[in-house]
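What follows is a single structure, written as structure tokens, with notes after it.
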4 protein chains.
Amino acid sequence: MPKKGILERLRDGVVIGDGGFVFALEKRGYVKAGPWTPEAACEHPEAVKQLHREFLRAGSDVMQAFTFYASDDKLENRGHYAQKSLTGKSINKAASKLARDVANEGDALVAGGMCQTPTYLSGIGKEATQKMFQVQLDAFIEEDVDFLICEYFEHVEEAEWAIEVCKKSGKPVAGTMCIGPEGDLHGVTAGECAVRLAKAGADIVGVNCHFDPQISLECISKMKEGLDAAGLKPYLMAQPLAYHTPDCNKQGFIDLPEFPFALEPRICTRWDMHKYARDAYNLGVRYIGGCCGFEAYHVRAIAEELAEERGAKPAGSDKHGMWGQELKMHTKPWVRARANKEYWETTKPATGRPYSASMAKPAGWGITQGNEELKQHAEGTTSDELQHVRDIASSKK
Amino acid sequence: MPKKGILERLRDGVVIGDGGFVFALEKRGYVKAGPWTPEAACEHPEAVKQLHREFLRAGSDVMQAFTFYASDDKLENRGHYAQKSLTGKSINKAASKLARDVANEGDALVAGGMCQTPTYLSGIGKEATQKMFQVQLDAFIEEDVDFLICEYFEHVEEAEWAIEVCKKSGKPVAGTMCIGPEGDLHGVTAGECAVRLAKAGADIVGVNCHFDPQISLECISKMKEGLDAAGLKPYLMAQPLAYHTPDCNKQGFIDLPEFPFALEPRICTRWDMHKYARDAYNLGVRYIGGCCGFEAYHVRAIAEELAEERGAKPAGSDKHGMWGQELKMHTKPWVRARANKEYWETTKPATGRPYSASMAKPAGWGITQGNEELKQHAEGTTSDELQHVRDIASSKK
Amino acid sequence: MPKKGILERLRDGVVIGDGGFVFALEKRGYVKAGPWTPEAACEHPEAVKQLHREFLRAGSDVMQAFTFYASDDKLENRGHYAQKSLTGKSINKAASKLARDVANEGDALVAGGMCQTPTYLSGIGKEATQKMFQVQLDAFIEEDVDFLICEYFEHVEEAEWAIEVCKKSGKPVAGTMCIGPEGDLHGVTAGECAVRLAKAGADIVGVNCHFDPQISLECISKMKEGLDAAGLKPYLMAQPLAYHTPDCNKQGFIDLPEFPFALEPRICTRWDMHKYARDAYNLGVRYIGGCCGFEAYHVRAIAEELAEERGAKPAGSDKHGMWGQELKMHTKPWVRARANKEYWETTKPATGRPYSASMAKPAGWGITQGNEELKQHAEGTTSDELQHVRDIASSKK
Amino acid sequence: MPKKGILERLRDGVVIGDGGFVFALEKRGYVKAGPWTPEAACEHPEAVKQLHREFLRAGSDVMQAFTFYASDDKLENRGHYAQKSLTGKSINKAASKLARDVANEGDALVAGGMCQTPTYLSGIGKEATQKMFQVQLDAFIEEDVDFLICEYFEHVEEAEWAIEVCKKSGKPVAGTMCIGPEGDLHGVTAGECAVRLAKAGADIVGVNCHFDPQISLECISKMKEGLDAAGLKPYLMAQPLAYHTPDCNKQGFIDLPEFPFALEPRICTRWDMHKYARDAYNLGVRYIGGCCGFEAYHVRAIAEELAEERGAKPAGSDKHGMWGQELKMHTKPWVRARANKEYWETTKPATGRPYSASMAKPAGWGITQGNEELKQHAEGTTSDELQHVRDIASSKK
């Protein structure tokens, strides 16, 4: 019996997405921070599969194939040379198969995803950029994924180009941008971005990455206003960071001095995710998932918060009482006393970091597509180039 | 060819331990917070195996079988009832096999571990407590682990009893306590604890869990003073938390209001672990690993810091340039500017939490073994009991 | 020779106001927090005079008579009973004389001030409210102050009524409200408030109290936009708090849990005031002073920042080198090393408070004029009333 | 009728000291930070007198003449040149008269104080150093002060020399050092310092300045242990900072990066002083006052906390209800709800500073008397000298 499709699921209820693969697998030792590309789908399939399984147990309805940044131009960017042994197509096919294997261990769907490209960032134009998307799409079609996700776009123009390519496949398409309430990096407002995504053909519209749950929902709220004003009704989707980012500018967490190796103090708790799930649901978001920083327990918290709406708790809740109930089995009485919702809802966690401030000044270079500094190249970054960017960084302090 | 034993490795160089299984697997959805017991070794072997593999790739020289809290009295404590379908022995055997499988994918050793028991905490006496240890030991002997770890003891008396049992096996024994510089919960100083562990027969002596790396090393420093004064020379071992705990009292992180579900802001960065590894090494610690909160990337940081001393970087470093070198491949120039040691050593990460303080007041009930409130029982915690502990907690605010 | 008037001074340059009397004199022991009324002008004239002198030395061009909240209804509010021995008129006359005495020790002007009334808050109407203002004005006219300040209004309607009364005197009138960028408590925008103040006759328009310098300037920026759109050109005036209030809602610092007895960690440094002065000047504000929390050294910092624009440093700078120059005379060499602008501009001061968060949730009752709870009465607050408000406060946590 | 002497008062009850003059008068515009010398006693007597009066109203039993750092070598140190128009003797005489005038407005005593000297710091020897003390003492004897305070010594040796000089006068002598629990800068323990102060002849022994109330009491506790062990029973005295200094090393707040112009976030609240007064009293301290940062409201809080022990509240309490009672007269109901002890005892004040950490790393140069860098001279600090110390400061970051 065929599985129910993504659009039908969204029509009838709430769909729970998965979490962030590149950050989780970087910590586990399978992904390079910097390039953030998904060779592990070919190199370490068991590790990728295990992560899919964790999200499935946690309640994810979608296994998004691990194909982030798998465009061929990215695989050979700045001395990365992953492209020497692997192509974007081979990664996408392998990743789709892994996702399908695990999806079939439950009732989940498989999504193929693609994102922003160095080609666009370097200003090489529409045709070249769309070719990057087409290659990736071909792999997804061959593997017959259930739907497509065009995500992590900083410029709505590039997102439109991706959606345009994907729409030709006839499969449902989701389009999300890594923007906040201030809009895209070319200055297009969040509301206008949403309208343009929908008009380009996205059945599902929203945001992913770059901002924390609360700020992402602020952005979606603005997107919704824009869509309502334009009389458009795509489904809404949120896949935010699991990092608190109250101090970000429009470039998001990339600009924070802690990115990417000192973000730990910003990691959201499971209780932050209860709030996120409820707020997203109340705002009308029906595809609720996560991006970088989201691990299985964050997704499970979404599923537990929405257990009533969804009619069931996820499999992984067999190891987790709602709101800390299993603490009743702890040996220490003062920990047993914490087995209740009120305790966890009101605790403001101490940071254990007396030498840390709560907010940071983002790097704030304020450059975007079209700027010379952003042109990409296949060769490795030279010492001179490195000194050049360090000099600029110093001058901006 | 047989692998080189643990004592020979310690004699010749530095041994890197692994990280914390119960916390990592709780987040992944396989372990219950509260009881913290290792049924997953039987129920979800693929998940346990994957975690072992991550540590192996990260540089761990020891695969500690996932047998934490697997005494039969703990498996049936306070309504847990895991004991209905599984025994401590069956778990320990399954866990040892998993650890061996992965250890043999590299050059790692297998350790069998045991820890504090409800029987001791309830004051039932030496014979009953040692019986709990003997059952666990039998499983380890049947599976022929390479050495034994008696760990996570809050009272040196119980640790001595465990070591006494393990020594009869003829295998090397490590003894570690979850104490800080203030000593054990019965008021025995850290120095005296170390001496008693060594005299009970531990070849390796140190601390694990309950405190952050820096505080744990302070404790080991006091242990060393005690050992030196007594003319004893066991190897030193550290397996601290990966959570900052500057505000803990002698009970450790259990007393923090954030325990166990809101510890995120306290998670150490990989750079904190570079410092920990160097400081531990300089102090003379030769078994350097981690406990709760430690994930593969933390262990890899230890291995990278000590790469010169060990003559090699770990396998997992193929995805990680030293001190952030792979950021040279990042698309954004200001992130490329962060590809250097000085940047990461000096960054004090912002917490993103303007409503959080940096320190918390520990619960501070100050009760320990011998106290009525700490007696354990097989039945679930009743509502009345729960209300009773919540009332005490309220009165202590 | 008569002194140059306030409007001429504003036309020709920048006027520096004074700081906050009620908060400074509360700390010195002469004012009651709670009622915040100025009986000290009669009871302890030497203390009031000394504070005037400190501001004069610091560079203040205006000695504002210490008449805050001196309306007769406030002097007998809620069991205060100051009105039994003193009337608003007697206070205002005494205060005006003190201000004149000190003003004549330099080239300063004297201003008479009046502010919001319990009569308005209790909804008793325009006639009764204006009578409160008229009594105060009479005293100022008898003492021939140089100009009038209608300040600290939460509702623009009441401010208009005050300005209306004052304009009849023929003296220049300044009108400031204790609002932030969100506008007044009845929901009138900041821009509209400014327009209404100007149309009511205020020659000088702006904000005072309730918010920190940065937020106050944000509000004035919105006021300026409103005024520009309406073609109005009053002088702009800022007298903000010397407390950081990034976390306030539209009610301002009154709503912060720290108000009024635990605001210390929020006190601005002198360097914050350099920035404030420069930003205010650049925005076009020409009356730059302070309110609660501002002490002489804050005012001196304004005067030093604008020394070039004003052609001179204030008298008090004989004890203060610009940007810490006198630290060159410190006995400790590392303190001498701090005698420079860069050091003080970039230092983010640690708080010394590891158990404090950086932000607080304001009380947020959200009630305003017209609400029953805000009606005032002469009798003291009863135990029942007190319990009632504490119950509401608890329920809002 | 002669006033009761200091030793009789201490024998019979608790004596309340005053607060810090140099910091308070620096903010008011009468003292230079850097040299920190008391020329204002001659130049602006009305300002000094007013500050005395505030402390008298607040409950101070002692008016300490404003003679801090009035040794002739300090008055001409590093280009200060105050000595050109004023001598230490003229300042001390003027200051003693002012103190006496205000003391006689109540029942307070007058103390003459002297402190560490550049002569000692530069290593010029005992005779030259004691000459500096003798000149100051002569002035106090001529003005017939009630007792003497030798305070603010970083090295117990210099304190002994000062006490030795003062004892010859026959007046009671108090000796306090600006040290913390780690002892003096030459490495003498706190306990040994206390013993040496007492043996040198001090009737009253303790600490002042450099550390916050809690740390200062820790130090006094160690002093008491030393005195008890030596069988000595001087009265104990505490005059700590009103700044939180949990992060200081043994050099105290001088080493903090915020010293002296960005200490605001560390200022103690009045409620911190209630706790200080109670803890000091319980420890057996009978002379309880303050140093830098202490203003009248801090002293009043001490007097209010100890009102029962002293049999009366201070005059200044006519403007201050115990634990915020006068908030019952506030117009806003949620502020009235704060009129209770529990509210203020439990509030952890937010800092309003999201970009500030709670702790700072002290400068930590670790040099002390005997070091070349600490030699003082009359000429101003040259550019070269300044560059030299800035270079050292940079290298220590």
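Note that Cβ sites are derived from N, Cα and C of the backbone, with glycine treated the same way.
Same-site candidate for Zn(2+) binding, as annotated by TrEMBL with B:Cys291, B:Cys292, chosen from B:Cys166, B:Cys178, B:Cys193, B:Cys209: B:Cys209. Apart from B:Cys209, B:Cys291, B:Cys292, the residues listed for Zn(2+), the same chain places the Cβ atoms of B:Gly20, B:Phe23, B:Tyr152, B:Cys178, B:Asn208, B:His210, B:Gln239, B:Pro240, B:Leu241, B:Gly290, B:Gly293, B:Phe294 within 8 Å of the centroid of those Cβ atoms. There are 29 other CB atoms within 10 A of the CB of B:Cys291 (Zn(2+) binding site), with all protein chains counted. With helix defined as DSSP H, G or I and strand as E or B, the compositional bias 'Basic and acidic residues' (B:385-397) counts 11 helix, 0 strand, 2 coil. Of all Cβ atoms in the shown protein chains, 27 besides its own fall within 10 Å of the Cβ of B:Cys292 (Zn(2+) binding site).
Counting only residues at least six positions away in the same chain, the Cβ atoms of B:Gly20, B:Glu151, B:Tyr152, B:Cys178, B:Gln239, B:Pro240, B:Leu241, B:Gly252, B:Cys291, B:Cys292 sit under 8 Å from the Cβ of B:Cys209 (Zn(2+) binding site).
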